[in-house]
Amino acid sequence: ATVASSSPGVAAVTAVPPGKAQELVSHFAQSASLPVELLATVYLRALSGHLTTLRYINAFAVGGGVVVEDQPDVSAVLSAYNQQGDPTLYEEYYSGLKHFIECSLDCHRAELSQLFYPLFVHMYLELVYNQHESEAKSFFERFHGDQECYYQDDLRVLSSLTKKEHMKGNETMLDFRTSKFVLRISRDSYQLLKRHLQEKQNNQIWNIVQEHLYIDIFDGMPRSKQQIDAMVGSLAGEAKREANKAKVFFGLLKEPEFDVPLDDEDEEGENEEGKPKKKKPKKDSVGSKSKKQDPNAPPQNRVPLPELKDSDKLDKVMNMKEAARRVRLGPECLPSICFYTFLNAYQGLTAVDVTDDSSMIVGGFADSTVRVWSVTPKKLRSVKTAADLSLIDKESDDVLERIMDEKTASELKILYGHSGPVYGTSFSPDRNYLLSCSEDGTVRLWSLQTFTCLVGYKGHNYPVWDTQFSPYGYYFVSGGHDRVARMWATDHYQPLRIFSGHLADVTCTRFHPNSNYIATGSADRTVRLWDVLNGNCVRIFTGHKGPIHSLAFSPNGRFLASGATDGRVLLWDIGHGLMVGELKGHTDAIYALRFSRDGEILASGSMDNTVRLWDAVKAFEDLETDDFTTATGHINLPENSQELLLGTYMTKSTPVVHLHFTRRNLLLAAGAYSSQ
């Protein structure tokens, strides 16, 4: 306990661990002449672990009595714990409130109905905590059917907590008790509720509202049922409006400029493609896409990024040549889809990634192996042994070819090292490295020159569900069962940043195209955006009704798409911190999302064995992102999923686990055939 005494009789108390109760009370006894009753109350409450929100007791001995100064909600907290409420009346309290809300005007009813779930959970937990087991059981049975369908999974966990002991080790419930459930309610609805509870002297409910809920009150019209339903459903309610106010630099960094000599470029063409290139008239500084700096972009050196190597420059040139041949997609011109089916994958395919230039594909498997395939005629080769390398002429033009050992050429390389299923894989942008993360709690970095493991990064103590390289290489992110995401650099064995805030597993991680931000999706049904520079959470997006398994940033960096087990794809405007679209159509969890190279089309892949293509241009074109919408969160989502859906492509029996657009906008999809 931290106890500070500024003058006799005044003490400030913050969170008290139960074991510290005696010290606390002895301090009170010395610092002020407090009456025995108050000391006893403080002592008992501290013992039961309840004294967490008692911030200030300004107590003065006045003629033997005690005056508790009117500090915010202190008197309420004390009175709440003097009589914790008659357990037999809990059902009556709840049904009284339910009757009041159901009989209130339509405009308030939708908003006040948000109270049902958090109150139900806290009242049930309070009954269990105070060991009124039969009352808790009857309370649960009577009211659990009234809760919204998207809380079913949470209620299943709740129903198994029937004794005080069960609550000790249960993290979900711990979170629920410690983090405040956020509700957004208009001022009118809030006043109505407050008046009702105070008239009815319904202290029990009012205390829970004050202690465990955070009510974000806004001025203006109450929200409709549809508007509320779009945003709720996460483990801790909605995001506070403050949470999405910080400025986010969502623009792209300026591409470096470099000159490409004419003849080199032609040789390059001969080597790579085996046929001479058509000459292009434009030759000055390839590599400068736009000369102007994007006004929404972060300063170029805000986050230190690795220097471009010569090989990276060559790759950029190749990339531009490919881009010149890119197909412009749109509703009239849909991409071809090439599906890589993993047959006989009896090891259980758990992760897939494709290199940016679409030359290699990797699979992570439940038998703890990582398998890398070449999908071009060029086979995978390892570097020669040290003895052989010493014989090579280092000045020769084709030294990079000569160092490769032809004897090792094969289509497939298997990487052994993990001791549990591999849940995430990611190629580095320069194709020299590969990351894999596993149930064994480690992230491994593999060399694609030698096909051996270079480093094992240990930091997560539990399964690691996803990992991804930054678009500039060097940095990577991982997220796992320990509910935090970590950002690493390949040459540091400890994380550079730890992003903590999710209330459940971090199930997927993605870097923003400018590498200054990281998005994480979680089983707490929220998406968070983190600032790499300082580790702060700058956006919290709520609205999904199930764990989130896929994320994709639009190529221009302005938008984020997220897919979850609820079968919906939600679209977010990062700058304004708003949901701007909902794509319905899938009937199962969405494990893959990818924007086409120019952002015209969003592809989604699901466990329902389909790939769906959506019109991203239309989805984002006329957005209502005025100040009013941003301030109140009154979002009006158009019901236009059917208009935006451009095509649905079924596989025979293959859930889609990965999607990738090639540099020319051919869509590659991957999954393992399942016979059942």
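The count begins at 1 with the first shown residue.
Using the three backbone atoms N, Cα and C, a Cβ is placed for every residue, glycine included.
Those TrEMBL annotations? Automatic predictions, nothing curated.
Feature list (source: TrEMBL):
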type: DOMAIN; residues: 85-213; note: domain 'TFIID subunit TAF5 NTD2'
type: COMPBIAS; residues: 260-271; note: compositional bias 'Acidic residues'
type: REGION; residues: 260-313; note: region 'Disordered'
type: COMPBIAS; residues: 283-294; note: compositional bias 'Basic and acidic residues'
type: REPEAT; residues: 342-383; note: repeat 'WD'
type: REPEAT; residues: 415-450; note: repeat 'WD'
type: REPEAT; residues: 457-488; note: repeat 'WD'
type: REPEAT; residues: 499-540; note: repeat 'WD'
type: REPEAT; residues: 541-574; note: repeat 'WD'
type: REPEAT; residues: 583-615; note: repeat 'WD'
Which of 342-383, 457-488, 499-540, 541-574 has the most Cβ pairs closer than 8 Å to the repeat 'WD' (415-450)? 342-383
Secondary structure of the repeat 'WD' (415-450) by DSSP, residue by residue, totals 0 helix, 19 strand, 17 coil
On the repeat 'WD' (457-488), the mean of the pLDDT values is 94
For the repeat 'WD' (499-540), give the DSSP counts of helix residues, strand residues and coil residues. 0 helix, 24 strand, 18 coil
Same-chain residues at least 6 beyond the ends of the repeat 'WD' (342-383) with a Cβ under 8 Å from one of its Cβ atoms are 315, 318-319, 322, 389, 403-406, 408-427, 429, 431, 434, 436, 438, 440, 446, 448-451, 657-658, 660, 662-663, 666, 668, 670-673
In the repeat 'WD' (541-574), how many residues does DSSP call helix, how many strand, and how many coil? 0 helix, 20 strand, 14 coil
